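Features reported for this protein in TrEMBL:
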DOMAIN    7-238  domain 'NAD-dependent epimerase/dehydratase'
BINDING   11, 12, 13, 14, 15, 16, 17, 141, 164, 165, 166, 167, 180  NADP(+) binding site
SITE      108  site 'Important for catalytic activity'
SITE      110  site 'Important for catalytic activity'
ACT_SITE  137  active site, proton donor/acceptor
BINDING   188, 203, 210, 270  substrate binding site
Ligand code: GFB
């Protein structure tokens, strides 16, 4: 891909968008275009159309989304379905109108059915019902995948969809009510250690299995897809193995140095029992993740401590 290409990273302040911006800069891309929410509200269709008409974008990386962990998804389904549908339709349609040929849309492994055969292949999409704790978000993301496919078919665009498994890394959300499990447990372990607590509370039973991908690996996969001129399709992005939430909690406690007991809060939902992605589609093309979970958690923890140094953890990390 041309290093002078005008690449719009939508959602550049989020965990995925900021990883994309870092990676593009490291690879020498010179025209990376970003807009804060104040500068461009992606839920405002007229504003999005104006932006695309004036900016002559070549490539869109659509990482802007309303995201959250299991509790936020389960309790705010209206916000998750509405905001994601509107952002996707506005950006994808405006990109097509402005003759943007290439776009990468980011979804999530929760688009696949709850009771999927494991590991989950891309073709299992829409074969049986979704996990209820995040079906609103999943429906919005499935709509994004289908928008890309439909526009490619009707308008000859080259819009690709990447479905990462559960992500973690720098710039994650550490608010305990709305975050995903990995940042939540990092924060809880850090605070428990500082406070000298005897226990750390883990939601649910600890038995669900999850796969975790460092967001820098997702950025690497995105550049791989762009630089290999992939023009269409749905691609899972993961590491190819998973672990239980209990094992994750133990690994985090080890990295952080918290030596107390784990307590499981059965009043909180477990969510889908397992969602291990089959990553052979990208692997056959030559891409695989390189950041191991323990190393990734250790570097994320360093980043967490540095970003919030100088103030009490609880006060520093409110969303
Ligand atoms: O990461 P998480 O919130 O989302 O939760 P999902 C994963 C598992 O970790 C669930 C457990 O079984 C949680 O009950 N868990 C344990 C915790 N302790 C905690 C904690 O302190 N905080 C959180 N958040 N979880 C989301 C979807 O599903 O994953 C989204 O809701 C999206 O739509 C995202 O797909 C990647 O993996 O269950």
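Heads up, the Cβ atoms here are built off N, Cα and C, so glycines get one too.
Automated prediction, rather than curation, is the source of TrEMBL annotations.
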Q: Can you tell me which of 11, 13, 15, 17, 164, our binding-site residues, come within under 6 Å of ligand 1 at the Cβ?
A: none
Q: Calculate the per-residue pLDDT averaged over the domain 'NAD-dependent epimerase/dehydratase' (7-238) and state the result as an integer.
A: 98
**Q.** In sequence order, the recorded positions (13, 17, 137, 166, 270) whose C-alpha falls within 10 A of residue 110 (site 'Important for catalytic activity')
**A.** 137, 166
**Q.** Inter-residue C-alpha distance, the residue listed as 'active site, proton donor/acceptor' and residue 17 (NADP(+) binding site) (nearest angstrom)
**A.** 19
